[in-house]
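What follows is a single structure, and I will ask about it in a moment.
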Amino acid sequence: MFIGFHLLDRQIIDCDGLLVGKVDDVELSDGDPPEVAALLMGPQVLGERMGGRLGRVLARLAHRLHAAVDPGPARIPYRDVAVRVSAVHLRISYRDLPRPALEGWLCDHVIERIPGAGRAGE
Amino acid sequence: MKQLLALSLGILTAIGGFVDIGDFVASSQAGARFGMSLAWVLVVGVVGICAYAEMAGRVTAISERAVFDLVRERLGPRVALLNLAATFLVTVITLGAEMGGVALAVELATSVHYLLWVPVVGFALWVVLWRLKFQHLERIFSLAGLALVVFVVALTHLNPDWSGMWRQASRPTPADGEDWPTYGYFAVALFASALTPYEVFFFSSGAVEDKWGRDQISTMRANVLIGFPVGGLLSLGIMATAATLFHPLRIELDSVGQAILPVAIGLGKLGLVAAILGLFAATFGAAMETGLSAAYTVAQYFGWQWGKLVAPRQAARFHTLLLVSVLTGVLLLLTTVDPVRLTEFMLVFSAVILPLTYLPILVVANDHEYLGERVNGPVANTVGTVFLLVIVVAAVAAVPLMIATGMGG
């Protein structure tokens, strides 16, 4: 498997088919040859991986969105990956992962306050 | 029988959904200034959107992924981010133009100034997108957009000079008193109006949510390959009425009210009602599609939850984007920019970013990892590659032509 071509930037989908995020970066193990230990998510990791001015701007922007303490990137151990096809499917639910800062803030301060926020479409 | 009904409904929806404010403005202006001598551009544009919509539909049905979702995997995060920024900007401008079209249609019906309708239109649009019943509504608006067929009916009542129109159409050169750069500028705008990028994003994202599979490919092909060409005929009808009424008098069109005048002359009040209704439905439907497309592209780049299958509180970032996009569209119109001018701008910038949308589709449609044996055949690849060349020429020429001609002068 070429990590760059078959894993990075793929969509991550949880066990219920909900969208979790993208494989913004990966964590490699120390072994030889190194193996993928975990998937990393979040705009900050993405910005750091991209590098350059654009990447720095993205990383700084993402850093500012965190409340008091920076929780670090969302990390999904590779053993939680069930299948890897055109997307990466997880064994676990998105509820088992930390809630992304931006999603949490927008949900609590904007979307939840509008009537009908709990109703799914059809 | 039921399948036949579903099939014809899909085709009718594609026909009605084809025309939006961009097609309306570009077709009527081109008809008034150049008669039918730009008709070939519409034909070429329709072939292009058919080829690429078919690819996008096939990619989505087999990989279960929307088109913009795949852009980042294949272009890398950096190029895809720049692509996203350009696409999002153009889509929000398009959203503003479509909402302007809705407000102008309501002004024609009520005689109340369109700027007063803009906030109402924005709110109504947002409510529809928030309540997420838009799938049915989108279909209803597309079907109501079929009312634009009155342009074709009106044409037959205007006693057009058919042989003269054919002569213009078969000689693709500028009309007397017009120059080549202006001809080129209108050709690019007309081309962009048929291929507006939001169409493929909306189409493929909708297909993901409807859980299309291999079985739906033939239905999708019928919708695209029959629906879009017939939709293109509506645009051609709009162009032909303008060519019949305004071109001989050398009248240039700069308002939507003028563009529907041929229908009033040909068919009277009832025709006018149908034309206004058609314009309203077509632009409102397109406003829903562009608003959603703007939010889809961002959410799909970052991998956020998007779509109608979950409650808004589970897709807070997506719904905030929708809200912000609609609000930006409203604010854009409230600067009192002329919606027709805004549409012209939107078409030029759509032309510029067309390669960013269509190149990744062609690349992914040839990728065995996503498509297995359903990759492009020789026909799709030949048409796709030729089109990509045309698209690149249009993209490169768009801004210089806009500046050289002062937006068509």
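Placed from the backbone N, Cα and C atoms, the Cβ positions cover glycine too.
Note: TrEMBL annotation is automatic and uncurated.
So TrEMBL has the following annotated:
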TRANSMEM  B:38-59  transmembrane segment
TRANSMEM  B:80-106  transmembrane segment
TRANSMEM  B:112-132  transmembrane segment
TRANSMEM  B:139-158  transmembrane segment
TRANSMEM  B:183-203  transmembrane segment
TRANSMEM  B:224-247  transmembrane segment
TRANSMEM  B:259-280  transmembrane segment
TRANSMEM  B:316-334  transmembrane segment
TRANSMEM  B:346-365  transmembrane segment
TRANSMEM  B:385-404  transmembrane segment
Cβ pairs under 8 Å only, please: of the recorded stretches B:112-132, B:139-158, B:183-203, B:259-280, B:316-334, which one is richest in them relative to the transmembrane segment (B:224-247)?
B:139-158
Quick check for me: are there 3+ Cβ pairs below 8 Å between the transmembrane segment (B:183-203) and the transmembrane segment (B:385-404), leaving out pairs under 6 residues apart?
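With 3 or more qualifying Cβ pairs, these stretches touch.
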Could you check whether the transmembrane segment (B:112-132) packs against the transmembrane segment (B:80-106) - three or more CB pairs closer than 8 Å, residues at least 6 apart in sequence?
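When sequence-distant Cβ pairs are counted, the transmembrane segment (B:80-106) touches the transmembrane segment (B:112-132), since at least 3 lie under 8 Å.
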With pairs fewer than 6 apart in sequence excluded, do the transmembrane segment (B:80-106) and the transmembrane segment (B:259-280) have three or more C-beta pairs that lie under 8 Å?
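Yes, the stretches contact each other.
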For the transmembrane segment (B:38-59) and the transmembrane segment (B:139-158), decide whether they are in contact, meaning at least 3 CB pairs lie under 8 A, counting pairs 6 or more apart in sequence.
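As far as Cβ distances go (cut-off 8 Å, pairs 6 or more apart), the transmembrane segment (B:38-59) and the transmembrane segment (B:139-158) do not touch.
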Quick test of the contact rule: Cβ under 8 Å, at least six residues beyond the ends. What residues does that give for the transmembrane segment (B:80-106)?
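Here the qualifying positions are 20-22, 24, 68, 71-72, 112, 114-115, 117-118, 121-122, 125, 196-198, 201, 256-257, 276, 279-280, 282-284, 286-287, 290-291, 293-294, 297-298, 301, 325-326, 328-330, 332-333, 339-340, 342-343, 345-346, 349-350, 352-353, 356-357, 360.
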